[in-house]
Amino acid sequence: MNDTIDFLLRRRSIPAVNLVEPGPDAAQLDTLLTIAARVPDHGKLAPWRFILFRGAARAEAGAAFAALLRTKQPGADEKRIAFEEARFTRSPLVVAVVSRAAPHPKIPEWEQVLSAGAAAMNLVVAAQAMGFGAQWITEWVTYDEDARALLGLAPEERLAGLVHIGTPDIPPFERPRPALSEIVSDWTR
């Protein structure tokens, strides 16, 4: 086998809470985003975009989402509020991957959505190939209309997920994977 195959066979997400400084520098970030944008994209529509949360903006975003949670769930306890306040400070860098899938005369929206997912996965794999840890998560902010608006998404945009990136403070650990016999079949009539 080769190094790429070996890397992909052992690729593993690192929980966001285990991603510490340093995160990617400016040149590394440019490379990561360039790789994230190098995905299958039928029609060259670029049906995705990226929002970066870094530096002080991470704590500001966390405070804004904690305030939103307070209005949406007045009974939320302080532990839950603190969790929201820390949402974007769990790692040195958070990249929101936004799907901009839209009706098109030739390109199905589903293909555009898949392209955004591919961009998120390329970002995760590229970060890990650079030696960083990464985790792609969703949670309530992905599905909540007010949360999407707070992120600056247009009504027709959706959040494919938040990709946390940083230096892992733990080694990757394996988890059970499905047996190929459970997920692979031959087509027959």
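Glycine too: its Cβ is placed from the backbone N, Cα and C atoms.
Now, the feature entries from TrEMBL:
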type	residues	note
BINDING	Arg11, Arg12, Ser13, Arg38, His42, Trp136, Ile137, Thr138	FMN binding site
DOMAIN	21-166	domain 'Nitroreductase'
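Ile137 (FMN binding site) carries a strand DSSP state (E or B).
Here the Cβ of Trp136 (FMN binding site) has 19 other Cβ atoms within 10 Å, regardless of which shown protein chain they belong to.
In sequence order, Asn122 are the residues of the chain that are 6 or more apart from Arg38 (FMN binding site) and have a CB within less than 8 Å of its CB. Secondary structure at Arg12 (FMN binding site), taken from DSSP and collapsed to helix, strand or coil, is coil. Least packed by the Cβ count within 10 Å, out of the binding-site residues Ser13, Thr138, is Thr138. The domain 'Nitroreductase' (21-166): residue composition by secondary structure is 67 helix, 28 strand, 51 coil, according to DSSP. Counting only same-chain residues six or more apart in sequence, the Cβ atoms lying under 8 angstroms from the Cβ of Arg11 (FMN binding site) belong to Val125, Gln128.
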